[in-house]
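These come from TrEMBL:
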COILED    9-64  coiled coil
COMPBIAS  103-114  compositional bias 'Low complexity'
REGION    101-120  region 'Disordered'
REPEAT    276-317  repeat 'WD'
REPEAT    318-351  repeat 'WD'
REPEAT    367-408  repeat 'WD'
REPEAT    409-450  repeat 'WD'
Amino acid sequence: MNVQGIMNVQELRTLFDQLSQEYEYLTDNRTKLEADCNKLREFIDAQVTQIKQLSSDFEKLKADYIQRSNELARAQPNPQTQLQQSQNSQLPIDSQQNYASFQQEQIQQQQPQEEQPEQDWELTTLIPAEKIKKPVIIALLAEIVDISVICSTAFSPDGTCLAIGSDKTIRVYNIEKDDFLLQHTLEETEEGATNHVRSITWTADSQQIFCGGEDGQVRVFKLEGSLVHQFQASVGEVFQVQISHDGSYFATATGDGTLSLFSMTNYQKIASMPRNPSENQVATSLAISHDDRLIAVGYSDNVVIIWDKKTGMKVCEQACHNNGVYSVKFLPEYNRLVSASLDNSVKIWNIVKNEDGTITLDLWKVLDGHTNFVLSLATDPNDIWLLSGSKDLTARLSYIETGEMIYSIKAHSNSVITVAFSPKGDTFCTGSGDQSVKIWSLSPEETEDAE
(Lines of atoms letter the chains of each structure in order from A and count residues from 1; the text may use other names and numbers.)
(Lines give C-alpha, C1' and ligand atoms only; values in the text may rest on other atoms or scores of the structure.)
Protein backbone atom coordinates (compact mmCIF):
# COMPACT_ATOMS: atom_id res chain seq x y z
CA MET A 1 0.00 0.00 0.00
CA ASN A 2 1.50 3.33 -1.02
CA VAL A 3 1.66 6.46 1.00
CA GLN A 4 -1.69 7.66 -0.36
CA GLY A 5 -3.41 4.56 1.24
CA ILE A 6 -4.13 2.92 -2.13
CA MET A 7 -3.59 -0.87 -2.34
CA ASN A 8 -1.21 -2.06 -4.99
CA VAL A 9 -1.86 -4.92 -7.36
CA GLN A 10 -0.13 -7.54 -5.21
CA GLU A 11 -2.13 -6.59 -2.14
CA LEU A 12 -5.38 -6.72 -4.10
CA ARG A 13 -4.47 -10.15 -5.46
CA THR A 14 -3.73 -11.39 -1.93
CA LEU A 15 -7.04 -10.02 -0.66
CA PHE A 16 -8.97 -11.65 -3.49
CA ASP A 17 -7.23 -14.96 -2.79
CA GLN A 18 -8.26 -14.77 0.86
CA LEU A 19 -11.84 -13.92 -0.06
CA SER A 20 -11.87 -16.74 -2.59
CA GLN A 21 -10.70 -19.23 0.05
CA GLU A 22 -13.35 -18.01 2.50
CA TYR A 23 -16.00 -18.31 -0.21
CA GLU A 24 -14.93 -21.86 -0.99
CA TYR A 25 -14.99 -22.68 2.72
CA LEU A 26 -18.50 -21.26 3.07
CA THR A 27 -19.59 -23.09 -0.07
CA ASP A 28 -18.28 -26.39 1.31
CA ASN A 29 -20.08 -25.78 4.62
CA ARG A 30 -23.28 -24.95 2.78
CA THR A 31 -22.99 -28.17 0.77
CA LYS A 32 -22.45 -30.17 3.94
CA LEU A 33 -25.39 -28.46 5.68
CA GLU A 34 -27.63 -29.12 2.68
CA ALA A 35 -26.60 -32.76 2.77
CA ASP A 36 -27.31 -32.94 6.49
CA CYS A 37 -30.68 -31.25 5.96
CA ASN A 38 -31.54 -33.72 3.22
CA LYS A 39 -30.64 -36.62 5.50
CA LEU A 40 -32.72 -35.10 8.32
CA ARG A 41 -35.63 -34.55 5.94
CA GLU A 42 -35.41 -38.14 4.77
CA PHE A 43 -35.33 -39.30 8.39
CA ILE A 44 -38.37 -37.16 9.26
CA ASP A 45 -40.22 -38.40 6.18
CA ALA A 46 -39.44 -41.97 7.18
CA GLN A 47 -40.70 -41.30 10.72
CA VAL A 48 -43.87 -39.68 9.40
CA THR A 49 -44.45 -42.66 7.14
CA GLN A 50 -43.91 -45.02 10.05
CA ILE A 51 -46.26 -43.01 12.30
CA LYS A 52 -48.92 -43.04 9.58
CA GLN A 53 -48.52 -46.78 9.25
CA LEU A 54 -48.73 -47.26 13.01
CA SER A 55 -51.79 -44.99 13.13
CA SER A 56 -53.38 -47.00 10.34
CA ASP A 57 -52.60 -50.24 12.15
CA PHE A 58 -54.01 -48.79 15.39
CA GLU A 59 -57.22 -47.71 13.67
CA LYS A 60 -57.58 -51.20 12.19
CA LEU A 61 -57.04 -52.75 15.62
CA LYS A 62 -59.48 -50.28 17.17
CA ALA A 63 -62.11 -51.01 14.52
CA ASP A 64 -61.56 -54.73 14.99
CA TYR A 65 -61.88 -54.35 18.78
CA ILE A 66 -65.11 -52.35 18.46
CA GLN A 67 -66.49 -54.90 16.02
CA ARG A 68 -65.60 -57.78 18.33
CA SER A 69 -67.03 -55.93 21.34
CA ASN A 70 -70.29 -55.26 19.51
CA GLU A 71 -70.48 -58.87 18.35
CA LEU A 72 -69.93 -60.05 21.91
CA ALA A 73 -72.43 -57.52 23.23
CA ARG A 74 -75.05 -58.82 20.80
CA ALA A 75 -74.27 -62.43 21.58
CA GLN A 76 -76.59 -64.07 24.07
CA PRO A 77 -75.04 -66.79 26.24
CA ASN A 78 -76.51 -70.20 25.65
CA PRO A 79 -77.89 -71.87 28.76
CA GLN A 80 -76.32 -75.12 27.59
CA THR A 81 -72.81 -73.60 27.81
CA GLN A 82 -72.76 -72.81 31.51
CA LEU A 83 -69.73 -75.00 32.17
CA GLN A 84 -67.68 -73.37 29.44
CA GLN A 85 -68.69 -69.91 30.57
CA SER A 86 -67.75 -70.78 34.10
CA GLN A 87 -64.33 -71.76 32.82
CA ASN A 88 -64.06 -68.53 30.85
CA SER A 89 -64.62 -66.54 34.02
CA GLN A 90 -61.31 -67.87 35.32
CA LEU A 91 -59.38 -66.25 32.45
CA PRO A 92 -57.33 -63.06 32.98
CA ILE A 93 -59.61 -60.05 33.32
CA ASP A 94 -58.25 -58.48 30.12
CA SER A 95 -59.04 -61.56 28.04
CA GLN A 96 -61.41 -61.00 25.11
CA GLN A 97 -63.18 -64.25 25.98
CA ASN A 98 -63.99 -62.96 29.45
CA TYR A 99 -66.18 -60.09 28.20
CA ALA A 100 -69.74 -60.36 29.47
CA SER A 101 -69.18 -63.91 30.65
CA PHE A 102 -71.62 -65.51 33.05
CA GLN A 103 -70.81 -67.89 35.86
CA GLN A 104 -73.73 -69.92 37.20
CA GLU A 105 -73.15 -71.74 40.47
CA GLN A 106 -75.12 -74.97 40.96
CA ILE A 107 -75.61 -74.43 44.67
CA GLN A 108 -79.20 -75.66 44.79
CA GLN A 109 -78.40 -78.95 43.06
CA GLN A 110 -78.31 -81.93 45.41
CA GLN A 111 -74.83 -83.40 45.68
CA PRO A 112 -72.97 -85.58 48.16
CA GLN A 113 -71.60 -83.45 50.99
CA GLU A 114 -67.97 -84.18 50.13
CA GLU A 115 -68.47 -82.95 46.56
CA GLN A 116 -69.89 -79.57 47.55
CA PRO A 117 -67.64 -76.71 46.36
CA GLU A 118 -65.91 -74.77 49.09
CA GLN A 119 -67.88 -71.64 49.97
CA ASP A 120 -65.89 -68.53 49.07
CA TRP A 121 -68.12 -66.07 50.92
CA GLU A 122 -68.79 -65.43 54.57
CA LEU A 123 -72.12 -64.86 56.32
CA THR A 124 -71.96 -63.44 59.84
CA THR A 125 -74.87 -63.12 62.27
CA LEU A 126 -74.45 -59.81 64.10
CA ILE A 127 -76.78 -60.45 67.05
CA PRO A 128 -77.52 -63.62 69.06
CA ALA A 129 -79.61 -66.04 67.01
CA GLU A 130 -82.37 -66.23 69.63
CA LYS A 131 -82.92 -62.47 69.31
CA ILE A 132 -83.54 -62.53 65.55
CA LYS A 133 -87.26 -61.99 65.09
CA LYS A 134 -87.47 -63.31 61.53
CA PRO A 135 -84.41 -65.46 60.77
CA VAL A 136 -83.68 -66.10 57.11
CA ILE A 137 -81.52 -68.38 54.99
CA ILE A 138 -79.22 -66.56 52.57
CA ALA A 139 -77.72 -68.48 49.63
CA LEU A 140 -75.64 -67.51 46.63
CA LEU A 141 -77.54 -68.25 43.40
CA ALA A 142 -75.33 -66.88 40.65
CA GLU A 143 -72.38 -64.68 39.76
CA ILE A 144 -72.10 -62.45 36.70
CA VAL A 145 -68.58 -61.38 35.74
CA ASP A 146 -67.71 -58.19 33.84
CA ILE A 147 -64.50 -56.45 32.73
CA SER A 148 -65.35 -53.22 34.53
CA VAL A 149 -66.45 -51.87 37.89
CA ILE A 150 -70.15 -52.55 38.50
CA CYS A 151 -71.82 -49.18 39.14
CA SER A 152 -75.56 -49.86 39.12
CA THR A 153 -78.11 -52.66 39.31
CA ALA A 154 -81.91 -52.78 39.17
CA PHE A 155 -84.44 -55.62 39.11
CA SER A 156 -87.39 -55.32 36.75
CA PRO A 157 -90.77 -54.68 38.41
CA ASP A 158 -91.95 -58.18 37.45
CA GLY A 159 -88.84 -59.63 39.11
CA THR A 160 -87.71 -61.67 36.11
CA CYS A 161 -84.71 -59.59 35.00
CA LEU A 162 -81.68 -57.81 36.44
CA ALA A 163 -80.20 -54.77 34.67
CA ILE A 164 -76.49 -54.12 35.21
CA GLY A 165 -74.54 -50.94 34.46
CA SER A 166 -70.76 -50.77 34.12
CA ASP A 167 -68.25 -48.79 32.04
CA LYS A 168 -69.83 -48.07 28.62
CA THR A 169 -72.09 -51.12 28.97
CA ILE A 170 -75.68 -51.88 29.92
CA ARG A 171 -76.85 -55.49 30.17
CA VAL A 172 -80.09 -57.20 31.15
CA TYR A 173 -80.00 -60.74 32.49
CA ASN A 174 -83.15 -62.87 32.62
CA ILE A 175 -82.93 -64.83 35.85
CA GLU A 176 -85.60 -67.41 35.01
CA LYS A 177 -84.30 -68.16 31.49
CA ASP A 178 -80.62 -67.92 32.46
CA ASP A 179 -80.02 -65.67 29.46
CA PHE A 180 -78.96 -62.12 28.55
CA LEU A 181 -81.82 -60.31 26.83
CA LEU A 182 -79.90 -57.07 26.22
CA GLN A 183 -76.20 -56.26 25.95
CA HIS A 184 -75.47 -52.78 24.63
CA THR A 185 -72.13 -51.01 24.34
CA LEU A 186 -72.33 -47.21 24.51
CA GLU A 187 -70.65 -45.08 21.86
CA GLU A 188 -66.90 -44.55 22.11
CA THR A 189 -65.56 -41.75 24.32
CA GLU A 190 -62.18 -40.03 24.18
CA GLU A 191 -59.29 -42.45 24.41
CA GLY A 192 -58.87 -43.61 27.98
CA ALA A 193 -62.07 -41.88 29.16
CA THR A 194 -64.66 -43.83 31.12
CA ASN A 195 -68.44 -43.60 30.80
CA HIS A 196 -69.89 -45.51 33.72
CA VAL A 197 -73.62 -46.20 33.78
CA ARG A 198 -74.30 -44.68 37.20
CA SER A 199 -77.98 -45.46 37.59
CA ILE A 200 -80.73 -47.65 36.12
CA THR A 201 -84.50 -47.60 36.55
CA TRP A 202 -87.34 -49.54 34.89
CA THR A 203 -90.76 -48.59 33.61
CA ALA A 204 -93.66 -50.23 35.45
CA ASP A 205 -94.37 -52.66 32.60
CA SER A 206 -90.78 -54.00 32.75
CA GLN A 207 -90.31 -53.22 29.05
CA GLN A 208 -88.06 -50.14 29.10
CA ILE A 209 -84.89 -49.16 30.95
CA PHE A 210 -83.71 -45.62 31.73
CA CYS A 211 -79.94 -45.25 32.26
CA GLY A 212 -78.01 -42.27 33.64
CA GLY A 213 -74.40 -41.96 32.52
CA GLU A 214 -71.11 -40.38 33.46
CA ASP A 215 -71.36 -38.36 30.23
CA GLY A 216 -74.45 -36.52 31.53
CA GLN A 217 -76.81 -38.34 29.17
CA VAL A 218 -79.97 -40.30 29.82
CA ARG A 219 -80.57 -43.25 27.50
CA VAL A 220 -83.82 -45.17 27.14
CA PHE A 221 -83.76 -48.77 25.89
CA LYS A 222 -86.46 -51.21 25.02
CA LEU A 223 -85.96 -54.64 26.51
CA GLU A 224 -85.59 -56.13 23.04
CA GLY A 225 -82.48 -54.01 22.54
CA SER A 226 -83.32 -50.85 20.60
CA LEU A 227 -82.29 -47.38 21.81
CA VAL A 228 -85.56 -45.45 22.09
CA HIS A 229 -84.22 -42.05 23.11
CA GLN A 230 -81.03 -40.33 24.20
CA PHE A 231 -80.53 -36.78 25.43
CA GLN A 232 -78.15 -34.57 27.41
CA ALA A 233 -79.68 -34.23 30.86
CA SER A 234 -76.84 -32.35 32.52
CA VAL A 235 -73.38 -30.87 32.06
CA GLY A 236 -72.32 -33.11 34.95
CA GLU A 237 -72.72 -36.82 35.59
CA VAL A 238 -76.17 -38.30 36.04
CA PHE A 239 -75.73 -39.98 39.42
CA GLN A 240 -79.29 -41.22 39.72
CA VAL A 241 -82.43 -41.48 37.62
CA GLN A 242 -85.78 -42.65 38.98
CA ILE A 243 -89.29 -42.90 37.54
CA SER A 244 -92.27 -41.72 39.59
CA HIS A 245 -94.67 -44.35 40.90
CA ASP A 246 -97.53 -43.05 38.73
CA GLY A 247 -95.28 -43.10 35.66
CA SER A 248 -95.88 -39.44 34.76
CA TYR A 249 -92.33 -38.13 35.20
CA PHE A 250 -88.77 -39.17 35.92
CA ALA A 251 -86.16 -37.38 38.00
CA THR A 252 -82.39 -37.04 37.78
CA ALA A 253 -79.78 -36.09 40.38
CA THR A 254 -76.68 -34.72 38.70
CA GLY A 255 -73.12 -33.61 39.29
CA ASP A 256 -73.96 -29.92 39.07
CA GLY A 257 -76.14 -30.25 42.18
CA THR A 258 -79.47 -30.10 40.34
CA LEU A 259 -82.65 -32.13 40.73
CA SER A 260 -84.44 -32.16 37.36
CA LEU A 261 -87.86 -33.53 36.41
CA PHE A 262 -88.77 -34.72 32.90
CA SER A 263 -92.01 -35.75 31.23
CA MET A 264 -92.34 -39.46 30.49
CA THR A 265 -94.30 -38.75 27.32
CA ASN A 266 -91.88 -36.45 25.45
CA TYR A 267 -88.73 -36.41 27.65
CA GLN A 268 -88.96 -32.62 27.99
CA LYS A 269 -87.77 -30.97 31.21
CA ILE A 270 -90.71 -29.84 33.34
CA ALA A 271 -88.87 -28.60 36.44
CA SER A 272 -85.38 -27.82 37.67
CA MET A 273 -84.44 -27.50 41.33
CA PRO A 274 -80.79 -26.46 41.62
CA ARG A 275 -78.79 -26.33 44.80
CA ASN A 276 -77.23 -22.91 45.45
CA PRO A 277 -74.53 -22.70 42.71
CA SER A 278 -72.08 -21.05 45.12
CA GLU A 279 -72.15 -24.20 47.28
CA ASN A 280 -70.79 -26.31 44.39
CA GLN A 281 -72.18 -29.59 45.72
CA VAL A 282 -73.01 -32.79 43.82
CA ALA A 283 -76.50 -34.31 43.94
CA THR A 284 -75.51 -37.93 44.49
CA SER A 285 -78.84 -39.66 45.05
CA LEU A 286 -82.60 -39.21 45.10
CA ALA A 287 -85.75 -40.95 46.31
CA ILE A 288 -89.37 -40.28 45.32
CA SER A 289 -92.06 -40.64 47.98
CA HIS A 290 -94.82 -43.21 47.49
CA ASP A 291 -97.37 -40.50 46.58
CA ASP A 292 -94.85 -38.85 44.18
CA ARG A 293 -95.20 -35.47 45.94
CA LEU A 294 -91.87 -35.35 47.76
CA ILE A 295 -88.38 -35.96 46.41
CA ALA A 296 -85.46 -36.42 48.79
CA VAL A 297 -81.98 -35.65 47.47
CA GLY A 298 -78.65 -36.50 49.09
CA TYR A 299 -75.69 -34.19 48.46
CA SER A 300 -71.94 -34.60 48.63
CA ASP A 301 -71.46 -32.22 51.57
CA ASN A 302 -73.66 -34.02 54.21
CA VAL A 303 -77.04 -32.42 53.50
CA VAL A 304 -80.40 -33.97 52.64
CA ILE A 305 -82.97 -31.72 50.98
CA ILE A 306 -86.62 -32.70 50.53
CA TRP A 307 -88.29 -30.91 47.62
CA ASP A 308 -92.01 -30.42 47.04
CA LYS A 309 -92.65 -31.59 43.48
CA LYS A 310 -95.74 -29.42 43.04
CA THR A 311 -94.20 -26.11 44.16
CA GLY A 312 -90.56 -26.81 43.35
CA MET A 313 -89.64 -25.49 46.81
CA LYS A 314 -87.55 -26.97 49.61
CA VAL A 315 -89.62 -28.22 52.53
CA CYS A 316 -86.59 -29.56 54.39
CA GLU A 317 -82.85 -28.88 54.31
CA GLN A 318 -80.88 -30.64 56.99
CA ALA A 319 -77.28 -31.64 57.67
CA CYS A 320 -77.72 -35.34 58.39
CA HIS A 321 -74.17 -36.71 58.42
CA ASN A 322 -70.53 -35.79 58.94
CA ASN A 323 -69.65 -36.53 55.31
CA GLY A 324 -71.26 -36.85 51.91
CA VAL A 325 -74.67 -38.54 51.59
CA TYR A 326 -74.53 -41.26 48.94
CA SER A 327 -77.96 -42.88 49.11
CA VAL A 328 -81.47 -42.05 50.36
CA LYS A 329 -84.62 -44.19 50.59
CA PHE A 330 -88.19 -43.54 51.74
CA LEU A 331 -89.82 -46.12 54.04
CA PRO A 332 -93.54 -45.56 53.36
CA GLU A 333 -94.66 -48.23 55.83
CA TYR A 334 -93.05 -46.29 58.67
CA ASN A 335 -93.16 -42.69 57.38
CA ARG A 336 -89.37 -42.63 57.58
CA LEU A 337 -86.34 -41.79 55.46
CA VAL A 338 -83.03 -43.67 55.38
CA SER A 339 -79.71 -42.04 54.48
CA ALA A 340 -76.28 -43.59 53.91
CA SER A 341 -73.04 -41.67 54.08
CA LEU A 342 -69.29 -41.59 53.61
CA ASP A 343 -69.12 -41.17 57.40
CA ASN A 344 -69.62 -44.99 57.52
CA SER A 345 -73.14 -44.77 58.93
CA VAL A 346 -76.72 -45.50 57.94
CA LYS A 347 -79.34 -43.34 59.65
CA ILE A 348 -83.10 -43.78 59.88
CA TRP A 349 -85.17 -40.61 60.31
CA ASN A 350 -88.77 -39.99 61.32
CA ILE A 351 -90.45 -37.60 58.88
CA VAL A 352 -92.12 -34.91 61.00
CA LYS A 353 -94.50 -32.53 59.20
CA ASN A 354 -94.66 -29.08 60.75
CA GLU A 355 -97.67 -26.73 60.85
CA ASP A 356 -96.06 -24.33 58.36
CA GLY A 357 -95.75 -27.10 55.74
CA THR A 358 -92.07 -27.73 56.30
CA ILE A 359 -90.56 -31.06 57.32
CA THR A 360 -88.10 -31.93 60.05
CA LEU A 361 -86.07 -35.14 60.04
CA ASP A 362 -85.99 -36.54 63.56
CA LEU A 363 -83.23 -39.12 64.08
CA TRP A 364 -84.61 -42.51 65.13
CA LYS A 365 -81.72 -44.98 64.70
CA VAL A 366 -78.05 -44.95 63.73
CA LEU A 367 -76.72 -48.15 62.14
CA ASP A 368 -72.97 -47.84 62.56
CA GLY A 369 -71.77 -51.38 61.86
CA HIS A 370 -69.96 -50.57 58.62
CA THR A 371 -66.27 -49.68 58.94
CA ASN A 372 -65.95 -47.66 55.72
CA PHE A 373 -68.02 -45.57 53.29
CA VAL A 374 -71.64 -46.70 52.88
CA LEU A 375 -72.32 -46.38 49.16
CA SER A 376 -75.77 -47.83 48.46
CA LEU A 377 -79.12 -48.79 49.97
CA ALA A 378 -82.04 -50.99 48.97
CA THR A 379 -85.23 -52.13 50.67
CA ASP A 380 -87.42 -55.17 50.08
CA PRO A 381 -90.96 -54.47 48.80
CA ASN A 382 -92.52 -54.94 52.24
CA ASP A 383 -90.10 -52.65 54.12
CA ILE A 384 -88.89 -55.55 56.25
CA TRP A 385 -85.23 -55.59 55.26
CA LEU A 386 -82.78 -52.78 54.56
CA LEU A 387 -79.72 -53.73 52.51
CA SER A 388 -76.57 -51.59 52.58
CA GLY A 389 -73.37 -51.87 50.53
CA SER A 390 -70.03 -50.51 51.70
CA LYS A 391 -66.41 -49.89 50.85
CA ASP A 392 -65.59 -52.25 53.74
CA LEU A 393 -66.32 -55.09 51.22
CA THR A 394 -69.54 -56.14 52.96
CA ALA A 395 -73.27 -55.92 52.43
CA ARG A 396 -75.43 -55.82 55.55
CA LEU A 397 -79.06 -56.74 56.10
CA SER A 398 -80.86 -54.72 58.76
CA TYR A 399 -84.28 -55.41 60.23
CA ILE A 400 -86.19 -52.18 59.63
CA GLU A 401 -88.79 -52.62 62.39
CA THR A 402 -86.15 -52.62 65.13
CA GLY A 403 -83.40 -50.69 63.34
CA GLU A 404 -80.79 -53.41 63.89
CA MET A 405 -78.11 -54.82 61.61
CA ILE A 406 -78.70 -58.60 61.59
CA TYR A 407 -76.51 -60.17 58.89
CA SER A 408 -73.19 -59.29 57.25
CA ILE A 409 -72.19 -60.81 53.91
CA LYS A 410 -68.58 -60.68 52.77
CA ALA A 411 -68.36 -62.04 49.24
CA HIS A 412 -66.47 -59.40 47.26
CA SER A 413 -62.82 -58.37 47.07
CA ASN A 414 -63.63 -54.69 46.47
CA SER A 415 -66.23 -52.10 47.47
CA VAL A 416 -69.89 -53.09 47.30
CA ILE A 417 -70.98 -50.17 45.13
CA THR A 418 -74.56 -51.12 44.31
CA VAL A 419 -77.27 -53.26 45.92
CA ALA A 420 -80.82 -54.00 44.80
CA PHE A 421 -83.84 -56.01 45.97
CA SER A 422 -86.16 -57.92 43.69
CA PRO A 423 -89.80 -56.76 43.86
CA LYS A 424 -90.63 -60.36 44.75
CA GLY A 425 -88.67 -59.89 47.98
CA ASP A 426 -86.95 -63.28 47.81
CA THR A 427 -83.86 -62.20 45.83
CA PHE A 428 -81.29 -59.44 46.08
CA CYS A 429 -77.98 -58.62 44.43
CA THR A 430 -74.64 -57.00 45.24
CA GLY A 431 -72.43 -55.32 42.62
CA SER A 432 -68.82 -54.51 43.27
CA GLY A 433 -65.62 -52.84 42.20
CA ASP A 434 -64.24 -56.37 41.80
CA GLN A 435 -66.16 -56.45 38.48
CA SER A 436 -68.81 -58.94 39.56
CA VAL A 437 -72.49 -59.06 40.46
CA LYS A 438 -73.70 -61.73 42.87
CA ILE A 439 -77.35 -62.76 43.04
CA TRP A 440 -78.63 -64.04 46.39
CA SER A 441 -81.76 -65.82 47.59
CA LEU A 442 -83.48 -64.83 50.82
CA SER A 443 -85.92 -67.31 52.35
CA PRO A 444 -87.52 -67.66 55.80
CA GLU A 445 -85.81 -70.11 58.08
CA GLU A 446 -88.07 -73.00 59.07
CA THR A 447 -88.57 -73.27 62.80
CA GLU A 448 -90.33 -75.73 65.07
CA ASP A 449 -93.01 -73.14 65.76
CA ALA A 450 -93.74 -72.92 62.03
CA GLU A 451 -94.60 -76.60 62.00
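Counting starts with 1 at the first residue shown.
Yeah, the Cβs are placed from backbone N, Cα and C, and that goes for glycine too.
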Other parts of the chain folded back onto the repeat 'WD' (367-408), taken as Cβ under 8 Å at six or more residues beyond its ends: 123-127, 132-134, 136, 138, 326-329, 331-334, 338, 340-342, 344-348, 414-421, 423-425, 428, 430-431, 442
Residues of the repeat 'WD' (318-351) by DSSP state, where helix covers H, G and I: 0 helix, 21 strand, 13 coil
Arithmetic mean of per-residue pLDDT over the coiled coil (9-64): 74
